[in-house]
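Novice: Copied straight from TrEMBL:
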BINDING   His213, His246, His279, His315  heme b binding site
DOMAIN    56-167  domain 'DOMON'
DOMAIN    174-369  domain 'Cytochrome b561'
SIGNAL    1-25  signal peptide
TRANSMEM  214-232  transmembrane segment
TRANSMEM  244-267  transmembrane segment
TRANSMEM  279-298  transmembrane segment
TRANSMEM  318-337  transmembrane segment
TRANSMEM  343-363  transmembrane segment
Amino acid sequence: MRLYFSVSFIFFGLISLQLPPLSTQQATETCSSTLPLNDLTFDSTLLQCVEAWTPQNYILRYAKTVENTWSFILSAPDSGAYIGIGFSTNGQMTGASAVVGWIPTDGRGQAKQYLLGGKSPGEVKPDQGDLKIVNGSLKIESVSSRLYMSFQLTAELPRQSLLYAMGPAGFIPSSPGFTLREHRDMTTTTINYNTGSQSVVKGSPHSKLRKTHGLMNMFGWGILIIIGALVARHMKQWQPTWFYAHIALQTTGFLLGLTGIICGLVLENRTDANNVSKHKGLGITIFVMGILQVLALLARPDKDSKYRKYWNWYHHNVGRVMIILAISNIFYGIHLADAGSSWNGGYGFVVAVLVLAAIGLEVRKFKNK
């Protein structure tokens, strides 16, 4: 019955994790949404709209409002980070010029042009670049949990290769240097200003590593380890098959999880992430508990030993706590990565199936007693 209460705790915890916060719901916008800005210096009814970066809900509105003058409004969820749009001649970051904006703690928005001279923070120069921004047109404000950055460019036709970036959560550029840290995520698109159509060229250079980190931990700690625990608790009538299946599942899950942790450490180093300390701490705790479980197997007493009941209590309960921490940390990692509802929904569905299976097996076991 102790496992029954554990899986029930997981199930109801998952329900609460699946409910998005109210601010996130309010921050969602589409091209059909009403533009909540009233003090624009140009006619907003002329603006075309593009859902520029769907996973991050970036919306770009633009129009040629007067001769050789293009007006832009970039909107994105206010996540306490900077947002940016770059204009590139060749689709590459290096050499492009970008408009970057943020809201400091005093609430007064700041936006600047940057020259993207290279991929390191020291090569990204504020107040430089070759965009001809109309004086007084560059500003950013926060409305209903979204950032709205507006500006006007003098150009016959703006560059069609556009870069979008989201800064690391919790970091705001500050004077005197206004240095940017490496973006949390980015994408590159090509736009046709006449039709409003666009194509995605590429995502973040770390997107594959981030995805590998998530998938390895999800399948390792968050799925196989759970299945292995269910096998050990409910399949003992099939001796010795259950034992070898349990060992195989837990070993595979541990190795996949270890791979995921290594990917996470590499990712943290490459992105200079500063908001993952809790996620990292939980991951290391789960890893240590996994090592303890492996060592416990080597020290397992015989069935008739008087110490076997204490070993069983330790092995079972450490495993349960590890599973609860792993599921929580996976959802927390999805939240930190802004991976979206597809990851939350997909993993939530898998875990919900496992939880319901565990409850069903517990009920059957209780009836057969």
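Just so you know, glycine gets a Cβ as well, placed from its N, Cα and C.
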Novice: How many of the residues that make up the domain 'DOMON' (56-167) does DSSP mark as helix, as strand and as coil?
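Specialist: Helix, strand and coil residues of the domain 'DOMON' (56-167) number 4 helix, 62 strand, 46 coil.
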Novice: Return the stretch with the most CB pairs under 8 A relative to the transmembrane segment (279-298), choosing among 214-232, 244-267, 318-337, 343-363.
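Specialist: Ranking 214-232, 244-267, 318-337, 343-363 by Cβ pairs under 8 Å to the transmembrane segment (279-298) puts 318-337 first.
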Novice: When each of 244-267, 318-337, 343-363 is checked against the transmembrane segment (214-232) for Cβ pairs under 8 Å, which one has the most?
Specialist: 244-267
Novice: Does anything in the same chain, at least 6 positions from His315 (heme b binding site), have a Cβ under 8 Å from its Cβ, and if so what?
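Specialist: Counting only residues 6 or more apart in sequence, the Cβ neighbours of His315 (heme b binding site) under 8 Å are Gln293, Ala296, Arg300.
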Novice: Comparing the binding-site residues His213, His246, which residue's C-beta has the most other C-beta atoms within 10 angstroms in this structure?
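Specialist: Comparing the binding-site residues His213, His246, the most crowded Cβ belongs to His213.
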Novice: Taking only same-chain residues 6+ apart in sequence, whose CB is under 8 Å from that of His279 (heme b binding site), what do you get?
Specialist: Asn329, Tyr332, Gly333, Leu336
Novice: Need one number for the heme b-binding residues His213, His246, His279, His315: the maximum pairwise CA distance in Å, whole number please.
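Specialist: Between the outermost Cα atoms of His213, His246, His279, His315, the distance is 28 Å.
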